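*Asks:* Structure in structure tokens, see below.
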Amino acid sequence: MVSLLLPIAQPPIESLDFRASKLSFSKSNPPRRLDFPPSISTGPAHFSPLDNLVSSSTYASVLESCKCPKLGKQVHAQALKNGFRGHEFVETKLLQMYGKCGCFDDAVQLFDKMRQRNLHSWTAILNVYLSNGLYEDAFECFGQVRFEEFELEFFLFPVVLKICCGYGGVELGKQLHCTVAKYGFASSIYVGNALIDMYGKCGSLDYAEKFLSNMSKRDCVSWNSVITAFAANGMLSEALEIFNKMSVEDNLTPNFISWSALVGGFSQNGYDKEAIEHLYKMQAAGFQLNAQTLASVLPACGRLQMLYLGKEIHGYLTRHGLMSNSFVVNGLIDVYRRCGDIEDALLVFSMYSMKNDVSYNTMLVGYFENGEVSKALELFYQMEHEGKCEDIISWNSMISGYVNNFMFSEALSMFHQVMWKEEIEADSFTLGSALAACADTGLLRRGKEIHSYAIARGLQTDPFVGGALVELYSKCLDVGAAQKAFDEVNDRHISTWNALISGYARSEDMVSVERTLEKMKADRFDPNIYTWNSIIAGHVENAHNESALQLFLDIQSSGLRPDIYTIGTVLPTCSRLATLDRGKQIHAYAIRFGYDSNIHIGSAVVDMYAKCGCVKHARLAYDNIKKYNLVTENAMLTAYAMHGYGEEGIAFFRRILDNGFIPDDITFLSALSSCVHAGLVETGLEFFNLMRSYNVKQTLKHYTCMVDLLSRTGKINEALKVIKEMPLDPDTVIWGALLGGCVIHGNLEVGEIAANKLIGLEPENTGNHVMVANLYASVGRWGDLAKIRQLINEKKMHKKPGCSWIEDKGEIHVFVACDTSHQRTDEIYEILNILTSQIRVEN
């Protein structure tokens, strides 16, 4: 047997190291060639003159092995020709063949024309109804069987019990159980297993387990039915307990079905590590894994982003010829797209996919998740050309993909295309995604239009639509409307509660936040980390940074674990407060849980260290990010520019271009700022002109950088020319940059032009008058300097005082000149006087 995963030895699940797993690339021995009879042609049948000698058992044998509807119909025609019309046995076999081949109409037509029907015929037509999901029709059919003259036998009931899964539920199942007992078939292991299966699929696990314990004789099917029932209903510890009991109580070794049920159950219920652990154990028990088992565990690989294991399973599937299974192929595509390996996802899609709705939409989602929007659009056009967009699913994938990539106008444009298509009707997911686009762009009016459409369709009570409406009104700060939308939702999820709480938090209505939290708990929903994330975000948006940090600490002490979104929300508060110690603590928390390598968290950490003055720490945080994008590059480049690391910033910008990133306006602004600090005019002009090559619009800030660069390096007239020729109206910042350069280089002529513009724009700004005074001082115009100072005194202008702060034991103390508001003012000034005296003595 070919080994899938090595080594086989299983460590405890807490310490399971999946990186140690390897697939064996040895080939399995090819099966020995068997001599089969020539295959039956599916072309026009040619029968010999001895056809009339074919017996009913021959027809039965052929029909039982027949899987081709076309060939089956030919056999049917030949049977009629040879006089088997009305033959009860042959027609029953034909009926079973049509059911197996999915020929519903042919089966029903044959059954209706049968002259004689036995219990096997009725059982066959029941199976046909059930295979097509017609549970109510099957139940009515069983009712007719009860009125027939023949006696019911045990093999009928396993089929009839399947009806309960889609019609009647467990109550009908209990009635059928009584019927089974009445006829004396409850002791049949075949019927007993079907009863266990029925109770399990109807969610009555206690009945299933109780019936198992009362069975006089049990086999692996009995135990597997209970294991499957518990696993399918998310009760994995109970399923594992039953799994272990079967060998203890009945000396039965768990078989392939037992293991597959456990592996699939763990994976389907999100116990990803446990699913993979039991996959190891299953192989160690000597079972060769099949396509179904591996398909069930592939989602776990994707969710854990275990690309290496996904590739090993891919190799195993290829070696064992299992790549024709559509579930396996779609599972592999999903693993690759979740792990960001969109190239291999496309390779599997192109080579093996059946090109069905699932595979197409998985690729669409993958492209959007990896930011390849143009390729997603290209694939969508291909789907339209091939007629694969005739339902709403693909349109929903496109709309939600645009929303997740912040392309809200494109999302709404596609939503309106859906609204105009008569053959496609928007569903709750369509409306929810469109409402999310409106919420993130503040398009309240358009959101209200979609709300009206939802009301007309009766979808405003849907949890997905209702939650999106609550979020829309919350983000637009219309909490009254958010509350009304919330009240209309029938089946409220915790996400709906969180959206409403977020609205109140954004509106600084903490009283309503507390009240809503109490109602939420009364509705049996405990606040989760997303609840607290919403409240923290509200504090941050309203600049209550200290409150946000305190709430972050409270969450940890409450036993909840802050997640990646909590970290991303609270880090900017450290940047705004320049509280380095607490920023380091949050960074340490992010490292402990592996969040620091995330693109968004890594960028926020870089930004935090930069704004707290630690460029070295910012670079270390940047180097720890696993995958870079333009956001991470801009964060590091801004850090260099912010702290005057001109040469480093310029080199970093060139590296950004060499690595293939497309710079945006922020990138160029930081690059130009680096040129200012380095005093490199030619490089600055190069970068400024390069913006056109990347179709980046030059804003006032970019022009200000160029004026500042030219002014600082003494090119005052060139700077003035830039201001006069730029297509934008200059503001006080750009005139201030020019005036600053004039002060440095003593250019009175241009300086007075800039000074007049500044004072004209902001006549009451003391800083402007101070700069003019500095200009006159730089050229020795003492008389004009005295006039400016006299003007400042006459208008009683005061320069806005700066402030400084110190962080002590997690608390920020802010100091302003001549301030007496601090609670320990007397102590502070006493120490200040002592220090001042000591300074005088030393001098």
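For all residues, glycine too, the Cβ spot is worked out from N, Cα and C.
Among the features that TrEMBL reports, repeat 'PPR' is placed at 87-121, 219-254, 255-289, 356-390, 391-426, 493-527, 528-562, 629-663.
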*Asks:* What does the DSSP secondary structure composition of the repeat 'PPR' (629-663) look like, as residue counts for helix, strand and coil?
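*Replies:* Counting residues per DSSP class in the repeat 'PPR' (629-663), I get 26 helix, 0 strand, 9 coil.
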*Asks:* Going by DSSP, how much of the repeat 'PPR' (528-562) is helix, how much is strand and how much is coil, in residues?
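*Replies:* Result for the repeat 'PPR' (528-562), in helix, strand, coil order: 26 helix, 0 strand, 9 coil.
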*Asks:* What is the three-state DSSP composition of the repeat 'PPR' (87-121), stated as helix, strand and coil residue counts?
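*Replies:* For that range the per-state counts are 26 helix, 0 strand, 9 coil.
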*Asks:* Can you break down the repeat 'PPR' (219-254) into helix, strand and coil residue counts using DSSP?
*Replies:* 27 helix, 0 strand, 9 coil
*Asks:* Averaged over the repeat 'PPR' (391-426), what pLDDT does the predicted model reach?
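*Replies:* When the pLDDT values over the repeat 'PPR' (391-426) are averaged, the result is 90.
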*Asks:* On the DSSP side of things, how many residues of the repeat 'PPR' (391-426) fall into helix, strand and coil, could you say?
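*Replies:* Summed by class, the stretch gives 26 helix, 0 strand, 10 coil.
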